There are 2 protein chains.
Amino acid sequence: MSVTAAKGFRASGVTAGLKPSGRPDVALVINDGPNRDAAAVFTSNRVEAAPVTWSRQVVSDGRVDAVVLNSGGANACTGAQGFADTHRTAEHVGERLQVSAGDVAVCSTGLIGELLPMDTLLAGVDAAAPALSADGGHAAAEAIMTTDTVAKECVVTGEGWTVGGMAKGAGMLAPSLATMLVVITTDVVADAATLHEVLAEATSTTFDRIDSDGCQSTNDTVLLLSSGASGVQVDRRELATAVTGVCADLARRLIGDAEGAAHDIEIEIRSAATVDDALEVARAIARNNLFKCAVFGNDPNWGRVVAAVGTTSAAFEPSQLDVTINGVQVCRGCGVGDDRSGVDLSVRDVHVIVDLHAGAQTATVWTNDLTHDYVHENSAYST
Amino acid sequence: MSVTAAKGFRASGVTAGLKPSGRPDVALVINDGPNRDAAAVFTSNRVEAAPVTWSRQVVSDGRVDAVVLNSGGANACTGAQGFADTHRTAEHVGERLQVSAGDVAVCSTGLIGELLPMDTLLAGVDAAAPALSADGGHAAAEAIMTTDTVAKECVVTGEGWTVGGMAKGAGMLAPSLATMLVVITTDVVADAATLHEVLAEATSTTFDRIDSDGCQSTNDTVLLLSSGASGVQVDRRELATAVTGVCADLARRLIGDAEGAAHDIEIEIRSAATVDDALEVARAIARNNLFKCAVFGNDPNWGRVVAAVGTTSAAFEPSQLDVTINGVQVCRGCGVGDDRSGVDLSVRDVHVIVDLHAGAQTATVWTNDLTHDYVHENSAYST
């Protein structure tokens, strides 16, 4: 049920015809209230898509009544016409749902640099509006998929209240924020400022720490909407834990479904001087193509790990680096450790631990291996 | 002839047995003088291989008498034993060639994290020493190949003087310096300080601007040796031009032979506020896996180019970005430009021009596409 698990929300997903595949491609989510508090985080890419520019403005007053999402086109790098199309989409949704266009967030995903076929999209909105239902969460989650192989949904419940979410994204996953669209809903009573704090905290340790291929999208959007329909006010910390839980689960599903991946890789940096140091080191490893190819080949090539670590400016003494891969400390003191043949990489999950021996901080980044299927999917995407 | 094109140098290459393939794997270069001036640049990776640590010290007094190079093992991340092995190799070469071990530079390339089989290596030195010859340049160039498919050599001549060089490297090519070993020789009369200036200038615009896969090695070394045997003193600028020419040619050969590459990509950034801005933007594109996959698929996916540009902190107004691929301005003002179907990517050479409209500076970085063969070669390297 995902985005319709919390009280006060309806959703729908329909096939408008934006995707050549004929799969569902337009989704609506409406907040029936009584409250319409909202918060969002967006891509930090300076080349941002028209819907990001629009939705940033929509959410700036802390209110969102509805969200329209489409796959089959990113509406990025489409200039003034692209922005006009986003505006027109919001106006159209506003008319159909009897809400102000200025309270309609817009999310788009797909190929960059092409205008959306507006007649097709708006006809999709016309079909999606009457289909809105309290059972429509899954249909909405399906309609935002691009190269995703599965719909991504998650629900966390408290005593009398719920947080639920849906996500799409299967490539271009990189901080800050992956190529992903995420809508999270809750029926707790919470003002926009609280929602913003909670969402920023949640994304900083979840979506911001997945890095499938180092590429950052122009469209990334994470929305958090609150209807207040449960009438329950929860402790800020409790809400933050629930939202973080939903974000962490969805983030893990994004990595688990990344394009062409054969391994999910957890890179844990220990004993760093600062969290920033730990993150810099983790990301350097996560973006090292040679390491990622080695994992694809089930090769515990720790030399490529330490070579990546060596490119960072984090505090550490090179001669003290330790690397453990799936339980085997293959590198000790930057030299040969235990027998690398003992590392089992035939499993999907790979856990790399790098100990910097430089402090007490730690951080973890999730990534994938670099595979033939990744190259195949991304060399054929627009053709 | 490469490193033996300049007067005063002999070289050799032999098969010691370090490589399972049975290809040549040990090379020697000796400077017979009368001068032994030398300069070098090394990897900036903080995890540096034992031979880099050693050779840094050797060259610090501006004198190098001989260079021993081996493929079949990088001697990186091998701790105190690895350094002792490098020292022992230099001692052995010094004895065989009647020079001081402290004037013998050592270069190694191959898998990281394994100790070199010293008996095999030293036997190789014993075979290479009597094979030294003024015709041995090509044999030396062949003995330093790893996944290279061709030996890389270049000669530039002046009036009565010569600069020649050899290089190896076919992956892990990234600034600063690729995974590469380069030896350049000249018979001009030049002191070590001049050689250092000339080499630093030459590498900053050549080897430092090739970036095959964003991965930086632990072993990168570029040596410039001068015998003074021509008796000719040339203008500093003239020497710099010749050395830069050799470096540029060898750099181009490295990119042209990069692992699994199907396209050589020249990324030219125009109208940048500063050269650093131009380089930051060029490298962001050069390291964007999605763009590199698109090029492999002959897909002029300019959206991935602007998305990469948008991740940088360079000065530009996003709405003003222009992108031209192989002569077609596919993106104008960050929007759809000329028809992308007019871009011919069936050729090997790809020329991407990004105009930032932010100043008068320019810079170019060379990279490769990301291909099935790259994944294949790098997932099977150590197995």
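Glycine too: its Cβ is placed from the backbone N, Cα and C atoms.
These features come from TrEMBL:
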BINDING   B:Thr146, B:Lys168, B:Thr179, B:Glu259, B:Asn378, B:Thr383  substrate binding site
ACT_SITE  B:Thr179  active site, nucleophile
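Each of the binding-site residues B:Thr146, B:Thr179 was ranked by the number of other C-beta atoms within 10 Å, and first place falls to B:Thr179.
Within 10 Å of the C-beta of B:Asn378 (substrate binding site) there are 28 other C-beta atoms, taking all protein chains into account. Residues from the set of binding-site residues B:Thr146, B:Lys168, B:Thr179, B:Glu259, B:Asn378 situated with their C-beta under 8 Å of a chain A C-beta: B:Asn378. B:Glu259 (substrate binding site) is surrounded by 26 other CB atoms, counting those within 10 A of its CB over all protein chains shown.
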